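J.: First the structure, which I've put down as structure tokens, then a few questions once you've had a look.
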Amino acid sequence: MLVSKKPMVLVILDGYGYREEQQDNAIFSAKTPVMDALWANRPHTLIDASGLEVGLPDRQMGNSEVGHVNLGAGRIVYQDLTRLDVEIKDRAFFANPVLTGAVDKAKNAGKAVHIMGLLSAGGVHSHEDHIMAMVELAAERGAEKIYLHAFLDGRDTPPRSAESSLKKFEEKFAALGKGRVASIIGRYYAMDRDNRWDRVEKAYDLLTLAQGEFQADTAVAGLQAAYARDENDEFVKATVIRAEGQPDAAMEDGDALIFMNFRADRAREITRAFVNADFDGFARKKVVNVDFVMLTEYAADIKTAVAYPPASLVNTFGEWMAKNDKTQLRISETEKYAHVTFFFNGGVEESFKGEDRILINSPKVATYDLQPEMSSAELTEKLVAAIKSGKYDTIICNYPNGDMVGHTGVMEAAVKAVEALDHCVEEVAKAVESVGGQLLITADHGNAEQMRDPATGQAHTAHTNLPVPLIYVGDKNVKAVEGGKLSDIAPTMLSLMGMEIPQEMTGKPLFIVE
């Protein structure tokens, strides 16, 4: 007869952060007798779910994708922005073999180094500090012809904010005594992602032919002329920057071209125009054979050099379970199904051996404040059945309510969402205890605990950078450890299951069996 398994259950209450202040706090305002009792009577602690502790920039709010990757990985997983910040700070960036190789090859052949990217402090698609580091790398390695092609932002930054960035780079080139800003164009053209190839073509011609609708002696003059035409940063038309007597910066075969955007979606189209031999988005007036480097991998089918290939995560929680012949279930509503599967598995789409998945449809409503309980009753019913089935060694479940209803900014609805969750937690905890299992309750980031922005008085619809609760329910006598973070959860689960923790997991168990 099959032995009935006593599952280790992880319940992730999405957007359920911890905030001492009671004002505009849907979690405090809700009637939550179950969570209150668990917090009062069970081992518990607070853990970090934002900023550096989850691989984001300092104090940046967490999000569901990052949260679940860290939860499943058992180690801090650095996002591209932070990974680059760290590498530049410790100077590993300046020794990156792909970047140095491209620069050295161009320099030794007397060719130019072209650097292009979104010149922005927004930190969403790129960061100007990374572009500055690339300029320094090229100069340090002796490149004489360094051309910067600046894509202007105005979406992740204020609509007219590019001047200070352009000034900074013009001053840098003056100090270096070589290199210059060679072109400016709005991201509307250079960073399209909807196959509007007529836009991309304007950027491509500007880069390859050094031909644009306008020309200016300096980047700042070119920008000011665009503003006079009533073009904000995002929509600045193709402008060649070239003073009298300066050589033109048209791209030639053998030149190096470094694309400094780290986010893929808006980098793919213009990259394909340079890299794909069979490109058919538009008829290219000039096909150049440049040494093209993508800062990160924009798509697996774009065959060109990558300075920072995706870091593959070995021995995530899901993979480790499979290697140890354990059974696991992932269960959530539509809104967070990808998070407990793809993201929790470190970006792996396929399920592991012994991994089942249950998807509960989220309600078809315009906004979730209209149905704050969402599909939590059905989700709980299926989860309780799975706990009692004896089939699973571990179960990962996400309740989306705190986040999805928190995003609406409607306080009354968020309170109802939290109250619905309290009933669900009660059912789940009872089921786990009835089969002798163990339960961890936590969150991936905050949201519902802050429903109004104190500075503006407007509804606060974003995530927070506040800590999240972690509660243990089970028959083990455990002591909580302070100072934890999301990447400590997987090691905590393994330790409570009496399993070895793989060496790749650098997180630490947060409940120590006494």
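Note that Cβ sites are derived from N, Cα and C of the backbone, with glycine treated the same way.
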J.: Given that Swiss-Prot lists ASP14, ASP444, HIS445 as binding Mn(2+) 2, which residue among SER64, SER376, SER389, SER495 does it place in the same site?
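T.: Of the residues offered, the record points to SER64.
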J.: Check Swiss-Prot: it lists HIS125, ARG155, ASP156, ARG187, ARG263, ALA264, ASP265, ARG266, LYS336 as binding substrate. Then name which of ARG180, ARG193, ARG272 it lists for that same site.
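T.: Of the residues offered, the record points to ARG193.
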J.: Swiss-Prot has ASP403, HIS407 down as binding Mn(2+) 1; which of HIS423, HIS463 does it also list for that site?
T.: HIS463
J.: Relative to the mean position of the Cβ atoms of ASP14, SER64, ASP444, HIS445, the recorded Mn(2+) 2 site, which additional same-chain residues have Cβ within 8 Å?
T.: ILE12, GLY15, ALA49, GLY62, ASN63, GLY67, HIS68, LYS336, HIS339, ASN398, ASP403, ALA443, ASN447, HIS463
J.: Measuring C-alpha to C-alpha, could you say which of the recorded positions SER64, ARG266, HIS463 are within 10 Å of HIS445 (Mn(2+) 2 binding site)?
T.: SER64, HIS463
J.: Rounded to the nearest angstrom, how far is the Cα of HIS463 (Mn(2+) 1 binding site) from the Cα of HIS125 (substrate binding site)?
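T.: The Cα atom of HIS125 (substrate binding site) is 20 Å away from the Cα atom of HIS463 (Mn(2+) 1 binding site).
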J.: Using a 10 Å cut-off on CB atoms, tell me which of the binding-site residues HIS125, ARG193, HIS445 is the least crowded.
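T.: So among HIS125, ARG193, HIS445, the binding-site residues given, the one with the fewest Cβ atoms within 10 Å is ARG193.
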J.: Given the binding-site residues ASP14, ASP403, HIS407, HIS463, state which is nearest to ALA264 (substrate binding site) when distance is taken between Cα atoms.
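T.: Spatially nearest to ALA264 (substrate binding site) by Cα position is HIS463.
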